[in-house]
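Colleague: My structure is below; once you've seen it, I'll send some questions.
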Amino acid sequence: SQANFEEDNQKQPAVGHWKTLMPSKGSKEEPETGCQDAGGVDETQSTEQLNMSRLRSSSVEIREKGSEFLKEELHKAQKELKLKDKECERLSKVREQLEQELEELTASLFEEAHKMVREANTKQAASEKQLREALPKIDMLQAEVTALKTLVITSTPSSPNRELHPQLQSPSKAVFRKGHGRNKSTSSAMVSAASQNVTPEPVSHECKEVDSILFAEFQAWKESPTLDKSCSFLDRIYREDVGPCLDFTKQELSELVRVAVEQNTLTIEPVASQTLPLVKVSAEECTGPKKCALSGLPRTCKHRIMLGDSGNYYYISPSCRARITAVCNFFTYIRYIQQGLVRQDVELMFWEVMRLRREMSLAKLGFYPSEM
């Protein structure tokens with residue numbers, strides 16, 4: 001153990017190197033130098049620490065400024081994104097609104113187009129129906145105009161055409177059209193003189209004198225012809241001739257006949273040419289060919305009437321047919337005057353009107369040709 005201790009004592013200087021720290025001759029200033037070195041090291045370390053602190057503070061400032069800048073940029077970007085989101089939302093709403101308006105407009109256009117097509121088809125069908133109905137009327141009116149020209153040219157009060165005035169012929173020579181059919185209140189007297197070859201017989205001329213009141217009323221009406229029965233000319237004829245002539249026992253049917261005659265929608269046709277079935281009429285209205293629908297009396301009915309386009313037919317006796325025909329002849333002539341188709345002197349037209357009034361009066365009293 002002692003040997004070990006000695007060995008430890010010999011080894012201690014080598015371990016601690018204390019030999020260099022011992023003062024020696026000529027080395028008195030060494031401690032000062034060491035102090036100086038220690039102070040320099042401290043200054044260097046403090047400078048480095050100061051520089052490091054400065055660097056750290058500057059880096060912190062840079063980081064803070066950078067973070068603030070980034071925050072500002074982020075805030076700006078967020079604002080821009082919000083604005084863009086709002087703009088996108090607005091544009092989306094505008095697009096949806098435009099799409100909805102476009103759909104509504106398309107639907108309305110299709111609906112309007114279909115409506116126009118339906119209306120066009122309806123109008124076309126109505127026009128075709130009117131054309132089909134107008135063609136027979138046109139043919140009938142052309143025939144009436146031709147007959148009227150014949151009447152104007154060949155018949156005057158001083159020299160009447162006996163073909164156009166059957167009442168002036170003798171009973172044995174009188175010629176009537178058998179199976180006469182009226183269509184839309186056309187005049188039975190309007191027939192072509194050239195189609196009949198009848199030798200006129202001399203007749204005695206009757207004396208005539210113009211009534212000043214009646215002629216003045218006719219002149220006033222002729223200046224502005226109208227079918228309004230409120231004027232004095234037609235009011236008198238309605239009261240004295242038309243009304244009594246169309247006054248039948250069946251008052252309701254008589255009123256319908258009068259309206260149809262005024263509106264020119266009455267049709268008279270012979271029973272022999274009946275081709276249509278009887279529809280929409282009762283036994284009392286139709287009465288059959290053995291009972292008159294207007295008078296209600298048992299009579300042999302050779303003709304029937306239809307009021308407008310109702311499809312209802314009524315059998316009438318020869319006397320009732322003569323009364324209706326006389327009124328229709330009068331209305332046909334004054335319509336010709338109103339339309340400017342009669343080119344005669346006022347006095348000649350007046351006498352023709354008086355003749356038609358006389359026919360209505362005779363028919364009302366029961367006088368009519370036997371062929372009717």
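Each Cβ is built from the backbone N, Cα and C atoms, and glycine gets one as well.
Remember, TrEMBL labels are computer predictions, not curated facts.
Computed from a predicted structure; not experimentally measured.
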Colleague: Which stretch does TrEMBL mark as region 'Disordered', out of 66-87, 176-197, 220-241?
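Modeller: When 66-87, 176-197, 220-241 are checked in TrEMBL, region 'Disordered' belongs to 176-197.
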Colleague: When the pLDDT values for the domain 'GDP/GTP exchange factor Sec2 N-terminal' (54-133) are averaged, what is the result?
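Modeller: Taking every residue in the domain 'GDP/GTP exchange factor Sec2 N-terminal' (54-133) and averaging pLDDT yields 89.
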